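A.B. asks: After the structure tokens below, expect a handful of questions from me.
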Amino acid sequence: MSHVDTEVRPSNFIRNIIDEDLKSGKHTNVQTRFPPEPNGYLHIGHAKSICLNFGIARDYQGLCNLRFDDTNPEKEDIDYVNSIQADVRWLGFQWDGEVRYSSNYFDQLHQYAVELINKGLAYVCFLNADETREYRGTLKEPGKNSPYRDTPVEENLRLFGKMRLGEFKEGECALRAKIDMASPFMCMRDPVIYRIRFAHHHQTGDKWCIYPMYDFTHCISDALEHITHSLCTLEFQDNRRLYDWVLDNLDDFQAPNRTRQYEFSRLNLEYTLMSKRKLNDLVTRKLVTGWDDPRMPTIAGLRRRGYTPASIREFCQRIGITKQENMIEAAMLDACIREELNEHAPRAMAVLRPLKVVIENYPEGQIETIQAASHPSDESMGTRELAFGREIFIDVADFREEANKQYKRLVMGKEVRLRNAYVIKAERCDKDSEGNITTVYCSYDADTLGKNPADGRKVKGVIHWVEATTAKPAQFRLYQRLFTDPNPAAAETVDEVLNPNSLEVVNGLVEASLANAPAEKAYQFEREGYFCADNKDSSADHLVFNLTVALRDSFE
């Protein structure tokens, strides 16, 4: 179950079904499961399913299992098993009991396959892959029966036994369910339920050389675990017929309150790919730095970018659960993290593109300490110490020699307030041989610390800064959307919609209070955005901050 609280319990069609099942007495408890295949890293789409399954279990005082669908050993890895568990925990959830694996049930699944053979409902087929595809037919044309479909039960038992003993080659034969080759649903045209794979399995080793297919395994695993509501995305809607057929034809699962499958729409998020294959292509071709690249939609990538468990859970609650496929605006996810960080992130000052400022009438060699609030509306976050001296750095964009009235920053001959400090006035500047401004010389009003000028003059602009001798060097990674198209999945190739400007790296300075910023610590860098300390590359010797989200939605 979850260890997190939900302010408002959401309502959706699945919860309505559960309410009715409990009211009618069909079920007296609720048991769900999250069943990922350990062949990749979880992404934001999986987070929707995690929040749904664990959230329902929590709200109905039920249980939620974590079960790995590990029936495809060639594509699976123990590293994925470990990362998925870590991601689920990080999101704030805890499964019931031990981690479960479909492979826990391989012996029972084998017995159930034998039961279907004995009932004349499964047969060993020697059609190759191309022949099987040809015999299956199309959506417009019915399939035709395999020449092996009417093999006697005793012979099928013998052949399946030989499959189990490894006496056939991979692809030489497979066990198929005997259903209906004329069914309008392709999944019901005698689907394969066991195939031969001479592959080492991360849980069972080399015990098995035949492995059950997902559609055969999934429903039986649900039933064995007494799952009351098996929640899947809409692409499994047709497969529900096979789900029910398997359980309908096995003696152990005839109870009227057995598990049922319900489908909901998967998450489609703007500017985001969810396909493991396409995401893997980005990683393999080094178009991103890895599965945890902050531009990736993986949980690891979102975490490194600075998204929090609470913001992801809030996003999943806001988008809701429906049967209708739709595209969710990326701005909604941004809003969830922006709102949370606005409330909880301490403020700090960082200068991403430093420009030196010398305050000529400030005493040389003097460094004073200014107390600044860590949060403008949360006194419980306390204060931090800012050093202030004769030399400071401001952002290069915050000074112009000439500007119109809309420019509320430092202009030659005019005043601006330094955040948490004094009012300064630009007097002159130095330039290099190419005309670039290198230093701005200012004067300051010593009687303006924490108050307006005594003579009542108005100073409208406020800019951020850092003190030159105490500021810490830092790298800032400024992330934008990885794709230029709101629907990158529709593009013929990923390359044509890849954003060449999705990452800009700049080197600047942060105030001294951030010298030991812990990994994943979030800050609002005033006037810049919300950032977090990178959880891989940042250290006291080399500070690295990732842009999580802008202060406001630039896509509005």
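Cβ atoms are placed via backbone N, Cα and C, with glycine included.
In case it's useful when we look at the structure, here is the feature table from Swiss-Prot:
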type: MOTIF; residues: 36-46; note: motif ''HIGH' region'
type: BINDING; residues: 37-39, 43-49, T233, 266-267, 274-276; note: ATP binding site
type: BINDING; residues: D69, Y214; note: L-glutamine binding site
type: MOTIF; residues: 273-277; note: motif ''KMSKS' region'
A.B. asks: Neighbour count, 10 Å Cβ-Cβ cut-off, for H46 (ATP binding site): what number do you get?
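C.D. replies: Other Cβ atoms found within 10 Å: 23.
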A.B. asks: At the level of the C-alpha atoms, what whole-angstrom distance separates S275 (ATP binding site) and Y214 (L-glutamine binding site)?
C.D. replies: 18
A.B. asks: Would you say which of the binding-site residues N39, S275 has the most Cβ atoms within 10 Å of its own Cβ?
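C.D. replies: The residue with the most neighbouring Cβ atoms within 10 Å is N39.
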A.B. asks: Give me the count of other Cβ atoms within 10 A of the Cβ belonging to T233 (ATP binding site).
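C.D. replies: Taking every protein chain into account, the count is 15.
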A.B. asks: Given the binding-site residues E37, K48, D69, Y214, and counting only Cβ atoms in the protein chains shown, which has the most within 10 Å of its Cβ?
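C.D. replies: Of E37, K48, D69, Y214, the one with the most crowded Cβ is K48.
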A.B. asks: Roughly how many Å lie between the Cα atoms of D69 (L-glutamine binding site) and T233 (ATP binding site), rounded to a whole value?
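C.D. replies: Cα-Cα distance, D69 (L-glutamine binding site) to T233 (ATP binding site): 15 Å.
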A.B. asks: Just jot down the residues in the same chain as I44 (ATP binding site), at least 6 apart in sequence, with C-beta under 8 A of its C-beta; none if empty.
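C.D. replies: Non-local contacts for I44 (ATP binding site): L267, L269, T272, M274, P297, T298, I299, L302, I312, L333.
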A.B. asks: In the motif ''HIGH' region' (36-46), how many residues does DSSP put in helix, strand and coil?
C.D. replies: 3 helix, 1 strand, 7 coil
A.B. asks: In whole Å, how far does the CA atom of E37 (ATP binding site) lie from that of Y214 (L-glutamine binding site)?
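C.D. replies: So the alpha carbons of E37 (ATP binding site) and Y214 (L-glutamine binding site) sit roughly 10 Å from each other.
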A.B. asks: Would you mind reading off the Cα separation of T233 (ATP binding site) from Y214 (L-glutamine binding site), to the nearest angstrom?
C.D. replies: 15
A.B. asks: As a quick check of your reading of DSSP, tell me how many residues in the motif ''KMSKS' region' (273-277) are helical, how many are strand and how many are coil.
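C.D. replies: Output for the motif ''KMSKS' region' (273-277) reads 2 helix, 0 strand, 3 coil.
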A.B. asks: Could you measure between H46 (ATP binding site) and Y214 (L-glutamine binding site) for me? Cα positions, answer in whole angstrom.
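C.D. replies: Cα-Cα, rounded: 18 Å.
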A.B. asks: Over the span of the motif ''KMSKS' region' (273-277), how high is the average pLDDT in this prediction?
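C.D. replies: The answer is 94, the mean pLDDT of the model over that range.
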